[in-house]
Amino acid sequence: MELATTGKVNEVLFMNRGEGESSYAQNSSFTQQVASMATPALENAVETLFSKDFHLQALNAVDLGCAAGPNTFAVISTIKRMMEKKCRELNCQTLELQVYLNDLFGNDFNTLFKGLSSEVIGNKCEEVPCYVMGVPGSFHGRLFPRNSLHLVHSSYSVHWLTQAPKGLTNREGLALNKGKIYISKTSPPIVREAYLTQFHEDFTMFLNARSQEVVPNGCMVLILRSRQSSDPSDMQSCFTWELLAKAIAELVSQGLIDEDKLDAFNIPCYFPSLEEVKDIVERDGSFTIDHMEGFGLDSLQMEENDKWVRGEKFTKVVRAFTEPIISNQFGHEIMDKLYDKFTHIVVSDFEAKLPKTTSIILVLSKIDG
C-alpha cells in the first residue's frame, strides 16, 4: 500500500516497540550520540531563557518525536540540571519544570514511561520539581495552546515527512522511481524535486505550528539527519535507503516480494542540506537562527574488528527505526529474511565500513511580535 496520505503514515511511523533484541530501546545508541553532540546547544538555550526576563514560575518544555528509548531522559536531565544551576545562581525559590513527551499514536509510550525513574525526574521536594506528561499526536500540526511553550527540543524526527512525496507516478499510474525507495542516482529529477517540495511543505507546517505555541523569545533546539552535498542522491546521505532497496530487490528476484510493491513504495523521509533548512526558516519568518552547524559521526561507533559483527550491529540499528513502516508495505513474515539480506549487503558492499552520518544542529528563537 502506498504511503500517500498523512493518516496512513501516522499509523505506521514509529520505532520498534518493547525492549527486545530488535527494539529501539535497545538500539538507540547512535541517536544518543547524535543528541549528546547537541547537549551544549540545549544547555545554552536554557541559559538564554533565564536571560530574557520571562519571570518564570514554571518552564514548559517539550521533546517532539521522543520515541521510547533512553535519549529523551537525557534531555529531561539536561534541562533540569541547567535550571537547578540557574536557580542557585539567581536564588530562585519556586521554579518548576513541566516536560511534555510527544510522538505519534503508535509510539511505545508504555516502555517510555516505564523507563522514567526518580534519577531522571527527581522528587517533588527538590529545588526544581519536574512533572512529565505524554502528548500523542503529529508535530506537523498544533499540539499546545498559544504562547505556552518556552523550550522545544526535537532530535532525529523533523526529517520524517507527513507522507511519501506526491507526484511519483505518471499519468498511467506507473511508478517513476522504480526499484528504489528513496532518491538515488537513477531517479529522474522529478523524484528529487518531489522530495524537496514535500519537506518544504512539512517543515513549514512544523514551523507554523510552533510559531503559535512558543512564547515570544522562546527557543527551539532541533537536530536533523542531513547531508553535506548539494546532491540528495549522494551516497553519504542515502546509503541506508540504497542498501535497503537493494535487499528488497533481491527478495523480489527470489519471488518473495511483489515487484509492484517495491515500485510503489517511497520512504517518507528527507535528509536536507544546511542551505535548504536555512532557506525554509528564513522564508517562514517566525524564528531567527541563533546557531546552525553540521557535523558527522561514524555510522557505527564500535571497536569491533569483525566485519560481520559490525554489519549485524548496524542492521539492528536500522531495523529498529525502519521495521514498522517496511513491514506494513512488504509483510511481517519476511522481515527476518529481509534484514538478514541487508546484513550481507552491508558486509559485502562496505565490509561494514560505512560512510559518516551527517546531522544538523539548529537553534531558533521565536521573533517577538
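Including glycine, each Cβ sits where the backbone N, Cα and C put it.
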Can you tell which of PHE321, PHE330, PHE342 Swiss-Prot lists as binding caffeine with THR31, TYR156, HIS159, TRP160, ARG225?
PHE321
Which one of ASN177, ASN208, ASN217, ASN328 goes with ASP263, PHE265, ASN266 at the Mg(2+) site, as Swiss-Prot has it?
ASN177
Quick check: which same-chain residues outside ASN177, ASP263, PHE265, ASN266 lie with their CB within 8 A of the centre of the Mg(2+) site CB atoms?
ALA164, LEU168, ALA175, LYS178, LYS180, ILE181, LEU262, ALA264
Would you list the other residues of this chain near caffeine - those whose C-beta lies within 8 angstroms of the C-beta centroid of THR31, TYR156, HIS159, TRP160, ARG225, PHE321 - in sequence order?
GLY65, SER155, SER157, LEU224, CYS269
Of all the recorded positions given, namely CYS66, LEU104, PHE139, VAL317, which is spatially nearest to TYR156 (caffeine binding site) at the Cα level?
CYS66
Please name which of the recorded positions listed here, THR31, ASP263, PHE265, VAL317, HIS332, is nearest in space to PHE139 (S-adenosyl-L-homocysteine binding site), Cα against Cα.
THR31
